[in-house]
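Quick notes on the structure that follows.
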Ligand code: JJW
């Protein structure tokens, strides 16, 4: 008998998450068009070892096995994304039926296995044809997105209860158009800010259409939220942390929940970067502020911010750390996750929250006798972050579900296949799937609808995770 230490609400939704380009492969099959990630990943020097999503996990062909694995783990839901260029190879026009049929098979397969689908409409794979017309820097792309969303509601609305318009628009806008580390690989602040506005505007348009058509399910947006803590307890570091929060978090939360861009960041962009948002038209913010049924939150790590580093803000990929770190140097701080969830409710209200991604990459060197990956670090990350979710729920935050990122080891964008986020191992030479120890642990959590006590040999590591402070250091 396992002792369960923390229970979750009885209707809590447990799942895993993936995205199309990271797992599907089959990039030339059934009429799929080119996406900006095909173009970017095939451009020399853009991704680690020049790796691409051409084959990835071959999920396009192996999906029955993958859905069976989810069933075996006892999961209740699956978050996947629809590849826009499979539906509209040129971004608009006539539906490519063969591409649509793939998602119909996925959804049908989920229902057969009693799994609830959660579909993301845009997980970064813009049709290249639309990029050629300016991509997200062109307002017209928002209108094309709305048409694509409307087509998906019409085709799939009856069988998909949860819809997400965008995944991590901060990453799409700023990593894609300012840092240039993601497709389309542009490095220009005004372009990034413009892209962020059109992404948000397209979210609003797609949400309006969802209401207009009285689609049966729920719709929301997924933001990557990165809490920002001052390094030192000085007014300068507090101000810098607040600005970092404005750039990463409030830039999206404020328009969605309050109908305005944060004035301090508008001013900061304008003063320091000669930016004029003259493309924001009357009525745009009202469109963006459509009520949503839920907010999706992706949480991985916090930022530690000092005023001295402020010139590096815009390029920031990793901030200094105090505690344990994962594969890419991201600090493991479950207390920051609980703090974030409470803050979102405090500042933005009682909209239901789904954790649409949370997880960690580790080197996965240790193996058990049966050959499965003995990932005590990932297991402890998942466990202590679920403790944080339970803590937030106890404090009254309406968290309704949790999706581990990721179901499978997959193509981690510019980082390629080295960075393994899966709870299921993928051997990319053979495409063999093997649940890691963390997957078996997650299976137990789901079966219990609660957290059993950790294996004693992981207590010390988990305790270091739990003890990592969030406040400023002296
Ligand atoms: C950098 C934060 C903002 C992917 C980052 C924040 C800087 C002011 C993993 N999520 O592969 C990277 N991932 O496709 C989507 N999520 O900088 C899915 N978020 O401060 C996964 C977040 C991320 C990041 C990376």
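Each residue's number is its place along the chain shown, starting with 1.
Glycine is no exception: its Cβ is also placed from the backbone N, Cα and C atoms.
Unlike curated entries, TrEMBL annotations are predicted automatically.
What TrEMBL says about this one:
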BINDING   22, 123, 167, 300, 405, 412, 413  substrate binding site
ACT_SITE  168  active site, proton donor
ACT_SITE  357  active site, nucleophile
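Here the features listed in TrEMBL are placed on the structure.
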{"residue": "22", "record": "substrate binding site", "DSSP (3 states)": "helix"}
{"residue": "123", "record": "substrate binding site", "DSSP (3 states)": "coil"}
{"residue": "167", "record": "substrate binding site", "DSSP (3 states)": "strand"}
{"residue": "300", "record": "substrate binding site", "DSSP (3 states)": "coil"}
{"residue": "357", "record": "active site, nucleophile", "DSSP (3 states)": "strand"}
{"residue": "405", "record": "substrate binding site", "DSSP (3 states)": "strand"}
{"residue": "412", "record": "substrate binding site", "DSSP (3 states)": "coil"}
How many whole Å apart are the CA atoms of residue 357 (active site, nucleophile) and residue 413 (substrate binding site)? 16
Across all the protein chains here, work out how many other Cβ atoms are within 10 Å of the Cβ of residue 300 (substrate binding site). 24
What does the structure give for the C-alpha distance between residue 300 (substrate binding site) and residue 168 (active site, proton donor)? Integer Å is fine. 12
Euclidean distance between Cα atoms of the residue listed as 'active site, proton donor' and residue 123 (substrate binding site), Å: 8
C-beta crowding around residue 22 (substrate binding site), within 10 angstroms: 26
Excluding 22, 123, 167, 300, 405, 412, 413 themselves, the substrate site's Cβ centre has within 8 Å the residues 19, 168, 357, 406, 421
Among 22, 123, 167, 300, 405, 412, 413, the record's substrate-binding residues, the widest C-alpha separation in angstrom comes to 18
Just how many other Cβ atoms lie inside 10 Å of the Cβ on the residue listed as 'active site, nucleophile'? 25
Compile a sequence-ordered list of residues in the same chain as residue 412 (substrate binding site), six or more apart from it, whose Cβ lies below 8 A from its Cβ; state 'none' when nothing qualifies. 22, 361, 418, 419, 420, 421
Same chain only, sequence gap of 6 or more: which residues have a CB within under 8 Å of the CB of residue 167 (substrate binding site)? 19, 81, 120, 122, 123, 124, 222, 296, 298, 356
Residues that sit under 8 angstroms from residue 413 (substrate binding site) by C-beta distance, when 6+ apart in the chain: 22, 37, 47, 124, 182
Neighbour count, 10 Å Cβ-Cβ cut-off, for residue 123 (substrate binding site): what number do you get? 25
